[in-house]
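Here is the structure we will look at.
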Amino acid sequence: MATGTLTVDLGALVANYRTLDRLGPGATAAVVKADGYGLGAGLVSTGLAKAGACQFFVATAEEGVGLRQVLGPAPEINVFAGHMAGDTPLIRDAHLTPMLNSPKQVQRHRHVLPGHPYGIQLDTGMHRLGVQPADWPALRDQLHDATLLMSHLACADAPDHPQNAAQLAQFRALTDGIQTPRSLAATGGTLMGPDYHFDLIRPGVGLYGGLPFAGARPVVRLSLPVIQIRCVNPGATIGYGATYTATTPRQIATLSAGYADGLIRALSSKATLWDGDTPCPLVGRVSMDLLTVDVTDCDTPPEALDILGPHQTIDQLAEAAGTIGYEILTSLGPRYRRALTP
């Protein structure tokens, strides 16, 4: 049996896409990198394509090849990493559109794949990926056939951060007067308003129900099966390191999931799981394949518990672990059975 069942609410996913799409005046591309933020790129991209999405972004050419096999020849698939050495056959055969990040990538792409579509990523202040402003004047007038000019905001999850306005100004300074379509906003930038929208928005985490899209519908439910329930007496310790000691008689359920499945050790003795409306605290350490949960308050012995679902979002679980919803989502492991609800 799988370590758990990860259910994707396709209706919620599509609703989030359409809500974000209505905010932008131009096109909306779905970001499905990291295996669709951990949910299964094939599942989510197929659902989004049926809902009208025709442009997608992935991190690497290898991800793009897999997506092309699922979606067929029609959609545009863009690659954030650009045209890396060794990627040429993948980009050519899967008809991917790399976002070129440096003069070296521009030279490589135009030399080995002349006439093949490409976009340009510009570094407007994040100092991570993109053509640097000092290198742009020498390239600007040579790249009129680019499909897109894009950049990425470093602080879009904090709308009032001055870095956002600075990057917007830099992006405009680098691209104003060029007829090529432009894109600056992912989920956070989309929510900051029309100044950041340009011709294409690129929502990622907001599609999947994560912050900063506070109005998103929850997309993910993760139910974990109970292997065994035992009664422990006062003074008994639970799990590795004996970090939890029962002070009264407790019913402890052992569940089939652990840090190998993306439930990181930082959740140890901090997370809550749910049996219907009944909260059940995780006790002791998260181990590789197992969790131990106090189910004393459950009316009947549960067969499964929810760690993500109606009572707990990805960001609430992330808060318990001291991390962000992105990490929780993208860590969800391959041992879960993936399922869709319409």
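In case you wondered, yes, glycine gets a Cβ from its N, Cα and C as well.
According to Swiss-Prot, the protein has these features:
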ACT_SITE  LYS33  active site, proton acceptor
ACT_SITE  TYR240  active site, proton acceptor
BINDING   ARG128, MET288  substrate binding site
MOD_RES   LYS33  N6-(pyridoxal phosphate)lysine
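A map of Swiss-Prot features onto the structure.
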residue	record	Cβ neighbours (10 Å)
LYS33	active site, proton acceptor	20
ARG128	substrate binding site	10
TYR240	active site, proton acceptor	15
MET288	substrate binding site	11
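Mapped onto three states, the DSSP output places MET288 (substrate binding site) in coil. Cα to Cα, LYS33 (active site, proton acceptor) and MET288 (substrate binding site) are separated by 25 Å. Taking CA atoms as the reference points, MET288 (substrate binding site) and TYR240 (active site, proton acceptor) are 11 Å apart. Between the CA atoms of TYR240 (active site, proton acceptor) and ARG128 (substrate binding site) there is a gap of 39 Å.
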